[in-house]
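Lifted from TrEMBL, the feature list:
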type    : residues                                             : note
BINDING : B:Ser28, B:Gly29, B:Gly30, B:Leu31, B:Asp32, B:Ser33 : ATP binding site
DOMAIN  : B:369-440                                            : domain 'Lysidine-tRNA(Ile) synthetase C-terminal'
Number of protein chains: 2
Amino acid sequence: MSFIESFRSFISEQALFTPQQRLLLAVSGGLDSVVLCELCSQCGYDFEIAHCNFQLRGEESKRDEEFVRALANKYNVKVWVEAFDTQAYLIANKLSVQEAARELRYEWFHRLLDTRENRLDVLLTAHHLDDAVETSLMNYFKGTGIAGLRSILPKQNKTIRPLLFTGRKEIREFAAANQLQWVEDSSNASDKYSRNYLRHHLLPVIQQLYPKAEENMRRNIPRFRDIELLYQQAIDSHRKKLLVQKGEEVHIPVLKLQKAIPLTAIVYEIIRPYGFSAAQTTEVIALLNSGSGRYVQSSSHRIIRNRNWLIIASVKAERPSLILIEETGNVSFPAGELTISRNFSSDGKPDTSSSSVAYIDASLIQFPFTLRPWKNGDYFYPLGMRKKKKLARFFIDQKMSSIEKENVWVIESDKRIVWVVGRRLDDRFKMKGAGDIIKISLALRK
Amino acid sequence: MSFIESFRSFISEQALFTPQQRLLLAVSGGLDSVVLCELCSQCGYDFEIAHCNFQLRGEESKRDEEFVRALANKYNVKVWVEAFDTQAYLIANKLSVQEAARELRYEWFHRLLDTRENRLDVLLTAHHLDDAVETSLMNYFKGTGIAGLRSILPKQNKTIRPLLFTGRKEIREFAAANQLQWVEDSSNASDKYSRNYLRHHLLPVIQQLYPKAEENMRRNIPRFRDIELLYQQAIDSHRKKLLVQKGEEVHIPVLKLQKAIPLTAIVYEIIRPYGFSAAQTTEVIALLNSGSGRYVQSSSHRIIRNRNWLIIASVKAERPSLILIEETGNVSFPAGELTISRNFSSDGKPDTSSSSVAYIDASLIQFPFTLRPWKNGDYFYPLGMRKKKKLARFFIDQKMSSIEKENVWVIESDKRIVWVVGRRLDDRFKMKGAGDIIKISLALRK
């Protein structure tokens, strides 16, 4: 099968997208994304190009942007370009360069997809099989479940990786055969990032020890994907047998759970969605041999031993829908307590690095303002971003569980969100030099 | 928890053995097995010691044997010692040093366990968690399913590894605290074996890149064991839904199988017990879209497309129970064809390296001799061994599937097995210098 036939057949076998759909290609201008463009063009797909300029590499960043504009011109397709102040964003949010670039990139891509007028159906990125092998290996070293081992998925919601059928070498050969031009990212050559170190130092040693390692590890990836699917099926089947929904509570018969095999993995998967950590699995298993009334608690739920049952119940108190904050002082709410104070900014440079403290330009909000649970449709301007973002999307990007989302509150002033409590400040309300500051500190309920 | 408490609690949690059982400890005299002895002694378990002298390291081998005899003396327990001509065995059977030592060792251990008069219940070996991590990592590089990743099991039939709760460092600390003596195996320091190379060169590089790698990989092992259990549960549940036993055949409804997810893994696990290879999975999946009458074949079975069903049927012909070989020439039997000839050994040195050709001392057998399927209770003297071995045990040691076992035939002369056809010659019938040779070649049926 030729390279392009393999590409097409991977797309249809994995049901990644249909030839009728409109594609947005994430293109850095590097080898992989240039090959992705060429393949989509040769297949006659209907695509547009999106390029992020992270402004981290000076002239090189400009060169890359120009290169991608020319590339779009060559294929006669629309190109979207966005410049980011990555440095400011990563400082404001205490992120690594790679984390910041990732957040900014996907936030923008999804905004393009979500804007209906753009008529874009799915996002295509140029991750390939060797990327997946490297991620899998890194996860193996970091300690992982099966989801870490199968690493990058060909399809995850609207994000699609159609090059996962092939690797670096084959991509390079296709580029050579088609006389493609691309730009080299100088940071790929450095060992600053652990992925590059792994690629340049560790993989060669492995390859020397096991000459077929590369080939073998590539074959691992789809195999691990299948193993994960079967793992999930088995977990679902245990869940179905063990969990009894009673009103707002979930009841689990102790005798039945005691016989479940393998107990640790099953208990972990049952309690995880309720905000419990892997470390709490042992405590929950201990409840199987404890008396009535003992319990284990997460930030949102309690698992209580009650006779022959374990009961999973929410710990949310009677939920007020809105709390009015009328002055400085302490305010109690279900998730904890807020302390509000007013200072002059000249009282030393405040430490803005903690997400549980917000420093707000006092000239921009007035008492009373409100504290309320977030609701669907809420949006804000995350610190460091110039565009607004739906909270629902922000939570997805932050990989928050449904339980975590349930417990998010916001500070609102004049119909505008000021602070997603304990998560992120709104860019519009940040301090802008001298002047008064409203400081709000969050103490979580233990 | 102290080291010995962790040892005890691992044994009870994993239900490895009961304090009443009689244990056989495999003891090389190295650090790990010396610690295993001390732990069993401190716990008051009823144990005996078995030591293999592989005679590969000259004086060092003798020193080790003496050391273990003294150790048994110290604990006042019985010691079993067996000397092996490992070099001869590995040459005769084309094995690596490690493979040969492994076969000889376990064959002997199981013989000791199987001999009822010895009243030994289980075998304990001193494999620990770092051994498991190394095996898991090697399997990852070699390309593996989940069983390879979970690597060494704490309990597998009668073989038990009670040190899998801990690693090299902790074992060394316990030895120091208890002022234990042990012998160092000089081959452990060499990089001749890939495991040592991995330990001495690869793991340090990984540890440098991920300082917590060792700890993380140790936590992977029990996690992978759980994942494998859940994987097997899911596969069993698919099998139950898909397979319909009809007499001697297995029928699978095509429409149902087409919808099974993940198809590749499920098909592979269904066909594997019938002698099909991983590579044939794709061919079997292709049958889902083919016409009636197409089939895929293994050495023992055929999977046939028949209307809306796939049918798995045995390909064994009407099975004669015995074929009399009366002279040189060709003999056809269900698994293939044998060619029998008579030569003088002076006709050049025969190539004894192929398991599909047997060279037999012609002075030891006479025509007619018989060719028949093996049966339970059969035993022989595997080439290179001085002790007899049941065929059933030999098949287990060779890790043969039940389908492979079903298709084994033997050459028998005067009630003694001469050749396990295509597998191994009997030691009693091998050439012993000059003289006539009966040469029997096997050509497998395609």
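Cβ coordinates come from backbone N, Cα and C, glycine included.
TrEMBL does not curate its annotations; it predicts them automatically.
Since this is a predicted model, take the numbers as computed values, not measurements.
Sequence-distant contacts of B:Gly30 (ATP binding site), defined by Cβ-Cβ distance under 8 angstroms and a gap of at least six in the same chain, are B:Ala126, B:Trp182, B:Val183, B:Glu184, B:Asp185, B:Asn188. The average pLDDT computed over the domain 'Lysidine-tRNA(Ile) synthetase C-terminal' (B:369-440) stands at 89.
With DSSP states grouped into helix (H, G, I), strand (E, B) and coil, the domain 'Lysidine-tRNA(Ile) synthetase C-terminal' (B:369-440) comes out at 15 helix, 28 strand, 29 coil. Reduced to three states, the DSSP call for B:Leu31 (ATP binding site) is helix. Around B:Asp32 (ATP binding site), a 10 Å sphere centred on its CB holds 20 further CB atoms from the protein chains shown.
For B:Gly29 (ATP binding site), other Cβ atoms within 10 Å of its Cβ number 23. Of the chain residues outside the ATP site list B:Ser28, B:Gly29, B:Gly30, B:Leu31, B:Asp32, B:Ser33, B:Val27, B:Val34, B:Val35, B:Ala126, B:Trp182, B:Val183, B:Asp185 have their Cβ within 8 Å of the site's Cβ mean position.
Neighbours of B:Ser28 (ATP binding site), defined as other CB atoms within 10 A of its CB across all chains, total 21.
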